[in-house]
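Quick look at what Swiss-Prot lists:
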- 1-32: region 'Disordered' (REGION)
- Met1: N-acetylmethionine (MOD_RES)
- 9-26: compositional bias 'Low complexity' (COMPBIAS)
- Lys34: SUMO2 cross-link (CROSSLNK)
- Thr99: phosphothreonine (MOD_RES)
- 130-134: region 'Interaction with 5' end of substrate DNA' (REGION)
- Asp132, Glu162: Mg(2+) binding site (BINDING)
- Tyr188: site 'Interaction with 5' end of substrate DNA' (SITE)
- 236-241: region 'Interaction with 5' end of substrate DNA' (REGION)
- Asp272: active site, proton donor/acceptor (ACT_SITE)
- Trp307: site 'Interaction with 5' end of substrate DNA' (SITE)
- 315-321: region 'Interaction with 5' end of substrate DNA' (REGION)
- Phe325: site 'Interaction with 5' end of substrate DNA' (SITE)
- His359: site 'Interaction with 5' end of substrate DNA' (SITE)
Amino acid sequence: MASGSSSDAAEPAGPAGRAASAPEAAQAEEDRVKRRRLQCLGFALVGGCDPTMVPSVLRENDWQTQKALSAYFELPENDQGWPRQPPTSFKSEAYVDLTNEDANDTTILEASPSGTPLEDSSTISFITWNIDGLDGCNLPERARGVCSCLALYSPDVVFLQEVIPPYCAYLKKRAASYTIITGNEEGYFTAILLKKGRVKFKSQEIIPFPNTKMMRNLLCVNVSLGGNEFCLMTSHLESTREHSAERIRQLKTVLGKMQEAPDSTTVIFAGDTNLRDQEVIKCGGLPDNVFDAWEFLGKPKHCQYTWDTKANNNLRIPAAYKHRFDRIFFRAEEGHLIPQSLDLVGLEKLDCGRFPSDHWGLLCTLNVVL
């Protein structure tokens, strides 16, 4: 203990100290078990292998998913210990490939030889989406559904939440026209995808939320787009009504970080905030120079609710709830960034009878005024 009396320092060794630490130890062990179960599920989905065999290969590779996947796929073909399908179990006849293998496919931007943008830098587009990687049901088909949206809209930037390691590995393989920056490497996390040849990555920073119970943080990425400097941010703020106080603390951290960027830098935050409107009011509202894109556009009804259990039955919740959990905040020099449109994506059911996620994604287009 850094400070305090000797009696304070000795307290944890007594019965009261042991009793106080027991719940924390139990919670830590429960979290560890949950993370490893999640790793096993994701590994089995990607590897197309018997789930009962997964823990052993992960243990042999220190529970490092990427290392374990590499070791697994490099096993000799005559090794009968791991009956498996071809390396990517996501693949099917209806598979949507984001690697732009078809030379005639113009939906994915390829980097230009000169390194200059291939499109008008006065307009930028992005998608923010909680892709619900924690739901293992129909995950391969749902991942293809998300990728088909990326191929269709070809956004400059993609903000993702609830990404798991196998999903990230899949994106790195299939979304080869994007640079992927993640907020973590284990459990579940956020990610920001930057279109190569269009968005130049400069640096990244991860801001921890010290009191989170759900592995949440703030991912910040500094980029250059069309000669303009941007600070891109995403987060998945604490979930559920019971964690409102922590969510408000996290929102204050986000807004504070948005104010730290130089005045000449445009700041965009997009993510799953889990916010209720009254929580923004409790936080003191948005700063005068930070705007909510949906409110800026006149609060259009067609894209108000991004989590709607009546329209989206992925969670099979009998009651009907709808919230504007997914939000976009921006800070720019006056008049230099103007939202033009905001739409929901991922609205079509897949062949499996489910949507790509329990959240709708948000597609936003903005004009950059020099």
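The backbone N, Cα and C atoms fix where each Cβ goes, glycine too.
Known features from Swiss-Prot, placed on the structure.
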residue: Lys34; record: SUMO2 cross-link; DSSP class: helix
residue: Asp132; record: Mg(2+) binding site; DSSP class: coil
residue: Glu162; record: Mg(2+) binding site; DSSP class: strand
residue: Tyr188; record: site 'Interaction with 5' end of substrate DNA'; DSSP class: coil
residue: Asp272; record: active site, proton donor/acceptor; DSSP class: strand
residue: Trp307; record: site 'Interaction with 5' end of substrate DNA'; DSSP class: strand
residue: Phe325; record: site 'Interaction with 5' end of substrate DNA'; DSSP class: coil
residue: His359; record: site 'Interaction with 5' end of substrate DNA'; DSSP class: coil
Request  = State the non-local partners of the region 'Interaction with 5' end of substrate DNA' (315-321) in its own chain: residues 6+ outside its ends, Cβ under 8 Å from one of its Cβ atoms.
outcome  = 307-309, 358
Inquiry  = Below 8 Å Cβ to Cβ and six or more residues apart, same chain only. Which residues does that give for Trp307 (site 'Interaction with 5' end of substrate DNA')?
reply    = Tyr321, Lys322, His323, Arg324, Phe325, Asp326, Asp358, His359, Trp360
Query = Which residues, given as numbers and ranges, are at least 6 beyond the ends of the region 'Interaction with 5' end of substrate DNA' (236-241) yet have a Cβ under 8 Å from it?
reply = 130, 161-162, 190, 209, 212-214, 216, 247, 250-251, 254, 271-276
Message = On a simple 10 Å Cβ count over all chains shown, which one of the recorded positions Lys34, His359 is most densely packed?
response = His359
Query = When a 10 Å sphere is centred on the Cβ of Asp132 (Mg(2+) binding site), how many other Cβ atoms does it contain?
reply = 25
Message = So among Asp132, Glu162, Tyr188, Asp272, all listed as recorded positions, which is physically nearest to Lys34 (SUMO2 cross-link)? Use the C-alpha atoms.
response = Tyr188
Ask   = How big is the gap, in Å, between the Cα of the residue listed as 'active site, proton donor/acceptor' and that of Glu162 (Mg(2+) binding site), rounded to a whole number?
value = 9
Task = Provide, as an integer number of angstrom, the distance between the C-alpha atoms of Glu162 (Mg(2+) binding site) and Tyr188 (site 'Interaction with 5' end of substrate DNA').
result = 5
